[in-house]
């Protein structure tokens, strides 16, 4: 009878599930809106285009092996919630989602502008008194420089104008051009006196040349005496006899 009793199975120990690690990437709606606004396609962005953009920008933070399936499921839920609008095989942002995205982008730029005036804080004014202290330390140096002109014997330099009397040496320079003008005049005078000397030398030469011509004229009568011409008629007379 005891064998017919059903055996009671011992309950299995429940295995503790590993705690899910919080994702380091932003939520899917934020990644999808960023992808659609960055791609700027008129007819909307397709699933492959959105997947490529998200993997390129947030791939390091996504550790889901089934990321393509989870992305497609997320897009379908966003269309049902009215956050996205599906046009054929592409997805666009709804008007409500566009306004949210623009409103989220404006406050990010505003704190940066507010941080700029904070940098221009009063510490720069604290540096100003330090510069004043440095200027005070420099002032005694300038006073010492003001005392130096008393000891400097610069008035002696005023005696140097004695050397300025050297311009009187210009007088010998003026004598030199005067001497140059006198020398050419003296050289021109002897040249004119040399001309009559040449005329005196020409007169004796003409007298000497005239005397030999007269001697030649006296010799000519000696050649004129030819008595031999008279003897020829005697020979002719002998032939006649």
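A Cβ is built for glycine as well, from the same backbone N, Cα and C atoms used for every other residue.
As recorded in Swiss-Prot, the features of this protein are as follows:
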{"type": "REGION", "residues": "1-27", "note": "region 'Disordered'"}
{"type": "COMPBIAS", "residues": "1-10", "note": "compositional bias 'Basic and acidic residues'"}
{"type": "COMPBIAS", "residues": "11-20", "note": "compositional bias 'Basic residues'"}
{"type": "DOMAIN", "residues": "24-95", "note": "domain 'H15'"}
{"type": "REGION", "residues": "89-241", "note": "region 'Disordered'"}
{"type": "COMPBIAS", "residues": "99-111", "note": "compositional bias 'Basic residues'"}
{"type": "REPEAT", "residues": "111-116", "note": "repeat '1'"}
{"type": "REGION", "residues": "111-217", "note": "region '8 X 6 AA repeats of P-K-K-A-[AK]-A'"}
{"type": "REPEAT", "residues": "117-122", "note": "repeat '2'"}
{"type": "REPEAT", "residues": "123-128", "note": "repeat '3'"}
{"type": "COMPBIAS", "residues": "129-155", "note": "compositional bias 'Basic and acidic residues'"}
{"type": "COMPBIAS", "residues": "156-184", "note": "compositional bias 'Basic residues'"}
{"type": "REPEAT", "residues": "184-189", "note": "repeat '4'"}
{"type": "REPEAT", "residues": "190-195", "note": "repeat '5'"}
{"type": "COMPBIAS", "residues": "194-241", "note": "compositional bias 'Basic residues'"}
{"type": "REPEAT", "residues": "196-201", "note": "repeat '6'"}
{"type": "REPEAT", "residues": "204-209", "note": "repeat '7'"}
{"type": "REPEAT", "residues": "212-217", "note": "repeat '8'"}
Checklist entry - Quick one: DSSP breakdown of the domain 'H15' (24-95) into helix, strand and coil? => result 40 helix, 10 strand, 22 coil
Checklist entry - Which whole number is the mean pLDDT over the repeat '7' (204-209)? => result 46
